[in-house]
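Trainee: Encoded as structure tokens, here's the structure I'll be asking about.
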Amino acid sequence: MAAEEPQQQKQEPLGSDSEGVNCLAYDEAIMAQQDRIQQEIAVQNPLVSERLELSVLYKEYAEDDNIYQQKIKDLHKKYSYIRKTRPDGNCFYRAFGFSHLEALLDDSKELQRFKAVSAKSKEDLVSQGFTEFTIEDFHNTFMDLIEQVEKQTSVADLLASFNDQSTSDYLVVYLRLLTSGYLQRESKFFEHFIEGGRTVKEFCQQEVEPMCKESDHIHIIALAQALSVSIQVEYMDRGEGGTTNPHVFPEGSEPKVYLLYRPGHYDILYK
């Protein structure tokens with residue numbers, strides 16, 4: 001009997017370690033599965049797609065899905081084409097960035113205004129307390145893309161830049177920083193729209209600056225105001241009525257960027 005006691009004493013920590021290993025293996029399995037899903041999404045969806053006929057949307061829903069089929073039909077009265085973005089949580093910023101820069105290829109006056117505002121934006125962020133060393137590379141990439149447009153690059157080359165993961169993600173990071181900066185500058189106004197007892201700064205650190213965090217009204221308003229670029233979003237969901245619900249940010253302005261929103265995702269629209 002005495003010989004068995006050490007074995008019993010050893011079994012307890014072994015069981016504990018085993019559970020720890022199992023938990024770790026489970027966590028790793030989940031992470032591996034998430035990586036596989038992201039890889040599949042990446043293979044199937046470019047960061048920004050070619051321009052497509054809007055009618056491709058019909059095929060994304062069942063023929064007897066009357067709500068969406070009717071809303072697509074309504075959308076077709078106002079728009080002819082769509083350019084899709086990868087559903088990775090960064091789609092709003094990527095869609096905004098490509099849509100506006102593409103439009104600037106044919107609008108030299110707006111290009112010069114936008115370039116001046118964008119050039120000064122780094123200085124504004126630094127004055128707010130953002131570290132220049134931290135944001136400099138992201139700002140440089142942003143300005144490089146604007147200068148690419150200024151040199152009258154082709155839409156195909158601009159699209160290639162946006163589908164380069166590093167370039168595209170650096171642009172997204174900088175647009176997130178601009179959004180955060182504006183929200184914090186205007187914190188007295190925006191604090192009333194933030195739930196959970198968080199400060200505007202906490203909200204920005206948790207919901208705006210990190211990559212892959214989805215965007216809502218508050219993000220759109222802030223970026224539109226920060227760069228003085230009006231955005232019209234067509235909201236398409238399962239709500240009643242056979243029409244999409246357009247919303248212009250800021251209200252009453254003349255839209256320069258047109259986006260389609262379906263729950264959790266933004267794509268680019270063309271008239």
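Note that Cβ sites are derived from N, Cα and C of the backbone, with glycine treated the same way.
Keep in mind it's a predicted model, so treat the numbers as computed, not measured.
The active site annotation in Swiss-Prot covers D88, H265. Per Swiss-Prot, the feature active site, nucleophile maps to C91; the stated evidence is similarity to another entry. The feature domain 'OTU' is assigned by Swiss-Prot to 80-271, with sequence analysis given as support. Marked as N-acetylalanine by Swiss-Prot on the basis of similarity to another entry: A2. Under the heading phosphoserine, Swiss-Prot lists S16. Among the features that Swiss-Prot reports, phosphotyrosine is placed at Y26, with the record citing similarity to another entry. As annotated by Swiss-Prot, region 'Ubiquitin-conjugating enzyme E2 binding' applies to 130-138, 169-177, 206-213, with the evidence given as similarity to another entry. Among the features that Swiss-Prot reports, region 'Free ubiquitin binding' is placed at 189-195, 214-221, 245-251. As annotated by Swiss-Prot, site 'Required for proximal ubiquitin-binding' applies to C23, with the evidence given as similarity to another entry. If you look up Swiss-Prot, you'll see I221, Y235, D237, Y261, Y266 marked as site 'Interacts with free ubiquitin'.
Walk me through where these features lie, including what they touch and how far apart they are.
Mentor: Over all protein chains present, the Cβ of D88 (active site) has 18 other Cβ atoms lying within 10 Å.
Under DSSP, C91 (active site, nucleophile) is assigned to a helix (H, G or I) in the three-state scheme.
Counting every protein chain shown, the number of other Cβ atoms lying within 10 Å of the Cβ of H265 (active site) is 18.
For the domain 'OTU' (80-271), the model gives a mean pLDDT of 96.
Under 8 Å from some Cβ of the region 'Ubiquitin-conjugating enzyme E2 binding' (169-177) lie the Cβ atoms of residues 90, 93-94, 96-97, 125, 130, 135, 137-139, 141-142, 145, 162, 208-211, 223, all in the same chain and six or more residues away from its ends.
Among residues of the same chain six or more beyond the region 'Free ubiquitin binding' (189-195), those with a C-beta under 8 A of the stretch's C-beta atoms are 183, 203, 218, 222.
A Cβ distance under 8 Å defines the sequence-distant neighbours of the region 'Ubiquitin-conjugating enzyme E2 binding' (206-213), meaning residues of its chain 6+ beyond its ends; these are 88-90, 169, 172-173, 176-177, 179-180, 183, 198, 219.
Using a Cβ-Cβ cut-off under 8 Å and counting only residues 6 or more beyond its ends in the same chain, the region 'Free ubiquitin binding' (214-221) has close neighbours at 89, 92-93, 179, 183, 190, 193-194, 208, 231, 233, 247, 249-250, 264, 266.
When Cβ-Cβ distances below 8 Å are used as the criterion, the region 'Free ubiquitin binding' (245-251) is approached by residues 217, 220-221, 224-225, 230-236, 239 of the same chain, each at least six residues removed from its ends.
I221 (site 'Interacts with free ubiquitin') falls within a helical segment according to DSSP. Within the same chain, the residues at least 6 positions away from I221 (site 'Interacts with free ubiquitin') whose Cβ sits under 8 Å from its Cβ are F249, P250, listed in sequence order.
Sequence-distant neighbours of Y235 (site 'Interacts with free ubiquitin') (same chain, six or more apart, CB under 8 Å from its CB) are T244, N245, P246, H247, Y261, listed in sequence order.
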Trainee: In whole Å, how far is D237 (site 'Interacts with free ubiquitin') from H265 (active site) when you measure between their Cα atoms?
Mentor: 11
Trainee: Of D237, Y261, which of the recorded sites has the most Cβ neighbours inside 10 Å?
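Mentor: Answer by Cβ density within 10 Å: Y261.
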Trainee: Across the region 'Free ubiquitin binding' (245-251), what are the DSSP residue counts per state (helix, strand, coil)?
Mentor: 0 helix, 5 strand, 2 coil
Trainee: How do the residues of the region 'Ubiquitin-conjugating enzyme E2 binding' (169-177) split into helix, strand and coil according to DSSP?
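Mentor: So the counts come to 9 helix, 0 strand, 0 coil.
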